[in-house]
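Swiss-Prot lists 106-268 with the feature domain 'NIDO', giving sequence analysis as the kind of evidence. Look at Swiss-Prot and you will find 386-426 tagged as domain 'EGF-like 1'. Swiss-Prot lists 430-667 with the feature domain 'Nidogen G2 beta-barrel'. What Swiss-Prot records for 668-709 is domain 'EGF-like 2', and it gives sequence analysis as the kind of evidence. The annotation domain 'EGF-like 3' is assigned in Swiss-Prot to 710-751. If you look up Swiss-Prot, you'll see 758-801 marked as domain 'EGF-like 4', on the strength of sequence analysis. Marked as domain 'EGF-like 5' by Swiss-Prot on the basis of sequence analysis: 802-840. Positions annotated as domain 'Thyroglobulin type-1' by Swiss-Prot: 846-919. Positions annotated as domain 'EGF-like 6' by Swiss-Prot: 1208-1244. Feature annotation from Swiss-Prot assigns O-linked glycosylation site to Thr922, Thr935. Among the features that Swiss-Prot reports, sulfotyrosine is placed at Tyr289, Tyr296, with the record citing sequence analysis. The repeat 'LDL-receptor class B 2' feature in Swiss-Prot is assigned to 1033-1075. The feature repeat 'LDL-receptor class B 3' is assigned by Swiss-Prot to 1076-1120. Per Swiss-Prot, repeat 'LDL-receptor class B 4' is recorded for 1121-1162. Swiss-Prot lists 1-28 with the feature signal peptide.
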Amino acid sequence: MLASSSRIRAAWTRALLLPLLLAGPVGCLSRQELFPFGPGQGDLELEDGDDFVSPALELSGALRFYDRSDIDAVYVTTNGIIATSEPPAKESHPGLFPPTFGAVAPFLADLDTTDGLGKVYYREDLSPSITQRAAECVHRGFPEISFQPSSAVVVTWESVAPYQGPSRDPDQKGKRNTFQAVLASSDSSSYAIFLYPEDGLQFHTTFSKKENNQVPAVVAFSQGSVGFLWKSNGAYNIFANDRESVENLAKSSNSGQQGVWVFEIGSPATTNGVVPADVILGTEDGAEYDDEDEDYDLATTRLGLEDVGTTPFSYKALRRGGADTYSVPSVLSPRRAATERPLGPPTERTRSFQLAVETFHQQHPQVIDVDEVEETGVVFSYNTDSRQTCANNRHQCSVHAECRDYATGFCCSCVAGYTGNGRQCVAEGSPQRVNGKVKGRIFVGSSQVPIVFENTDLHSYVVMNHGRSYTAISTIPETVGYSLLPLAPVGGIIGWMFAVEQDGFKNGFSITGGEFTRQAEVTFVGHPGNLVIKQRFSGIDEHGHLTIDTELEGRVPQIPFGSSVHIEPYTELYHYSTSVITSSSTREYTVTEPERDGASPSRIYTYQWRQTITFQECVHDDSRPALPSTQQLSVDSVFVLYNQEEKILRYALSNSIGPVREGSPDALQNPCYIGTHGCDTNAACRPGPRTQFTCECSIGFRGDGRTCYDIDECSEQPSVCGSHTICNNHPGTFRCECVEGYQFSDEGTCVAVVDQRPINYCETGLHNCDIPQRAQCIYTGGSSYTCSCLPGFSGDGQACQDVDECQPSRCHPDAFCYNTPGSFTCQCKPGYQGDGFRCVPGEVEKTRCQHEREHILGAAGATDPQRPIPPGLFVPECDAHGHYAPTQCHGSTGYCWCVDRDGREVEGTRTRPGMTPPCLSTVAPPIHQGPAVPTAVIPLPPGTHLLFAQTGKIERLPLEGNTMRKTEAKAFLHVPAKVIIGLAFDCVDKMVYWTDITEPSIGRASLHGGEPTTIIRQDLGSPEGIAVDHLGRNIFWTDSNLDRIEVAKLDGTQRRVLFETDLVNPRGIVTDSVRGNLYWTDWNRDNPKIETSYMDGTNRRILVQDDLGLPNGLTFDAFSSQLCWVDAGTNRAECLNPSQPSRRKALEGLQYPFAVTSYGKNLYFTDWKMNSVVALDLAISKETDAFQPHKQTRLYGITTALSQCPQGHNYCSVNNGGCTHLCLATPGSRTCRCPDNTLGVDCIEQK
């Protein structure tokens, strides 16, 4: 659809061709002419990878953008965007423009720096040399303005590669792009400068994860979503989005210097759109061109405008001072007036170097159909769409509906036994469930501080044949909970949807199918302000539940804590017109305050209510009975309650819909209408004459109507689903699933999957989970995966929000609480000392780490914590208690390493950039003052349990088969002031053994109860892994500080060093007691390996050496003879049979596994990022469950406390193998060894 006015054609063609005709001798922009960048300039460096987002870059002054003047931080992404707010992970790749966040996009494409060759640098620069150069660029593009910036954000994408995707386009192999964006700001305005060196853009398209093909890069700006509650797209401007225009970025300009593009992005002139510079390349000031005599043929020159509707927009000649302004009138197409956002495929593009400006104003979008625009300004519009019929639209109807064609289109209608609008149908009389989210920003009483809550769950249950709805909204703060009690209509809308229908009248679901938008305004009489309620119903989801999103904003009167609210039955008139329903009423409610001095004062209050409901109605069926213009909703048995302990708000109402009546709604009405029929909850009530009625079981149930039973269609009709299927019965219905290796065809039958290899989207990164810092992608087999938010975040896994742990006031009153992504910290206020959970008057003495940190920063003149650390300078990190953080990293090089409690580097722990070593803290957290925690063991009940360590305690998690009984998890043992690392279990004496790296020591405790005991506390460095030989009655452990492996009897006596050479960071250790083998891991960064030997130390050899990263945990399953390990470097779990050393990958894509144990078909491992115990099913190679303890700290060792020992014996099982001291089993024999500290007169060594 092109505007063909000859005048517009001539002007635009001339504007697009001028840069070609007038190109002068201006030279190309070289890489050396970019703004200085790199570590030497103090730049920060974005993490290598795909789809990464930087932390917030705090700005010294505000950035202005469109109509905003308060942007104090920006975010830099891998994909060529500078964002004015943190981008959601699902929008971090191309294909979603305009995004919901504010964006400056000099080259929006799917870029990749995983190989480490490409880099993204960014900084804010206040130096005069940089700000002056930015000012010169702006003056060149806008010579008439006076602009002197005080700061500049400089972002450089250097040698970044295109994301290739599975297709691996050979044309893009080895190609890399370099470009730069500078955002310069003064007190009154901001400008963007884009720089593209002549050889900087070697590719112009990238593979789209969303579209599965190559898409062009985009040069654009977007205001992002606007509005607090009801979001809508703000203004946005696109300057290049096809291959030809992107190719010419380095060849042309709008500022007079080739490869340099300047835009005014924040000032009073940019409220509705970004203003580009318009200095034509190669022209001289004062040049004039005749606009009247030239004409061009559009057959050879094509316009570069997208067919997207806006309000009338003036296109000026692309030179300052142009006299002619050409306005394209906009014609609104009624058929598409409610489109959510500007739509329409791009028209053919211009071949000119000049980029056409496309502006999209913040407004309700309009899509415009324009056929011809003549010189007279008359616009002719037409609709070329053919009539829609059931033949190609049957899928728009419910499976329980029929589709019928009419003269102007098609309509859907539910079949007998179902109710709805045809697009959505549910069984008559069947209970319904509604799920959704609630967010709000509410001022209570006269408070000037709003109560804000987000992502709050709403659940509703509806007994349809009674018209009664029960709605619960969880985690509502008590500061606002009681004050929301009068707002029963928040849940009342659900009651209207499923109100009992009287003959000839329809409830909300019959009219809308549960797909509509509702906005209501509540005005409280005698109180200032009002409350706006916005709700969007999105129909039935894949689980058969209706979905709703609710947003509340405004002010409500304060209701005292502990009050009750009573609402009398009421009626409300609903007025209907095409696709719109309105109602208004005045309601009273009684507030009874808590009893004081023997009296409970009550007062009656009033509010006025207005609401509008909009929905999509099928208008093609002229024969359908007209809906009454007015219907009366009768509501009684209104119940409202706020549970202060559970923080749950509850509403319950009974609803019926019918004609306008005066007096009691119950008078002389049929029991079906007033809910006194007594039918089963899975039955429909059929009214008869006067007060007669019958009960009829809903479809999928059978019975007499007063009692209904579910029909098991799968048992009664074994072939109902067809071949290669599994039938699953559900209440009132059934579902069919294809067996493994089959998938549903378009005809609904299961057909074999042909030549389709499953894709692990978690491994390839093509999933839609939130960023790894907030969520994890869990591979579930085949091509399936699930998304789960990490601890400290909430959401559906695709979008995770930080949980504000400071909200419940967890810190001491004399401490500050700092909420951080996924966690929080407490810090005592000045003049107090403590850990933040307990603060007492006094100044705390600084630790060695804090002194060293202050000394280094002071010597470098970098004492301002808001400024970045100077490049090349290493500054140690201290933990919350002032001790050296166990993991230290160099900010410039990216290398990380472990340190001991004195800050000294631990040999063999240094990792390359992008990998973090699994360092252990050697300092226990301080003990909080308060009631003493008993250290006695809490006896375990019978059965098999998982035992895992969490800093200063050991917890138990019962197993039922392979299922974790998470609700029964409890503490087994508290050992304050210790950091327990390794765990092992003796199935004979039912004793658990552990290593502690703080004292250091090795201890044990009985599962039957009693006090724990320390069995070894001398000559230890950093004991980590520990293993038990339950047949030989020995323990083995690794020591990563002394670099050795030792053995001793179970009581800690008779110690002997087995190995003290060729060990760097030994950690996990396990025994194969029956065969007399020992296995251990060494995560030496230079040479990670898994080794084995006999238990006597002979026959030592490397078992696994290739393709290891950070092998942490190790487990041996005596029942299957399988050795498995978890690797925090490769993020894999792997297994092998030591007698047949062919490895197999159990699962990839783990987060940060630490320790592992086995039981049955499962591995169970602790994960540092998830702070969870994760179950991995080896049979299907996927994570099946996860347990997250209430206390969110790191989990360490894990072991299985078996209810009985595995069968088998070795040569040390009986009479200690005839040895005087240590009996150490070997395959088919044993070796008698003496302890290191025993002279030979009473000890005999023999084989």
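Cβ coordinates are placed from backbone N, Cα and C, and glycine is handled just like the others.
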The repeat 'LDL-receptor class B 4' (1121-1162): DSSP-derived helix, strand, coil residue counts: 0 helix, 29 strand, 13 coil
Residue numbers, six or more beyond the limits of the domain 'EGF-like 6' (1208-1244), whose CB comes under 8 Å of its CB atoms: 1029, 1031-1034, 1047-1049, 1053-1057, 1073-1077, 1094-1099, 1118
Same-chain residues near the domain 'EGF-like 1' (386-426), Cβ under 8 Å, at least 6 residues beyond its ends: 432, 509-515, 539-540, 618-622, 624, 698-699
Beyond the flanks of the repeat 'LDL-receptor class B 3' (1076-1120) by 6 or more, those residues with Cβ under 8 Å of it: 908-911, 915, 917-918, 1025, 1027, 1029, 1032, 1034, 1036, 1038, 1045, 1047, 1058-1059, 1063-1070, 1126-1131, 1136, 1138, 1141, 1143, 1153-1159, 1163, 1165-1166, 1198, 1206, 1208, 1210-1211, 1224-1231, 1233
Secondary structure tally of the repeat 'LDL-receptor class B 2' (1033-1075) (DSSP, helix then strand then coil): 0 helix, 23 strand, 20 coil
Helix, strand and coil totals (DSSP H, G, I; E, B; other) for the domain 'EGF-like 1' (386-426): 6 helix, 17 strand, 18 coil
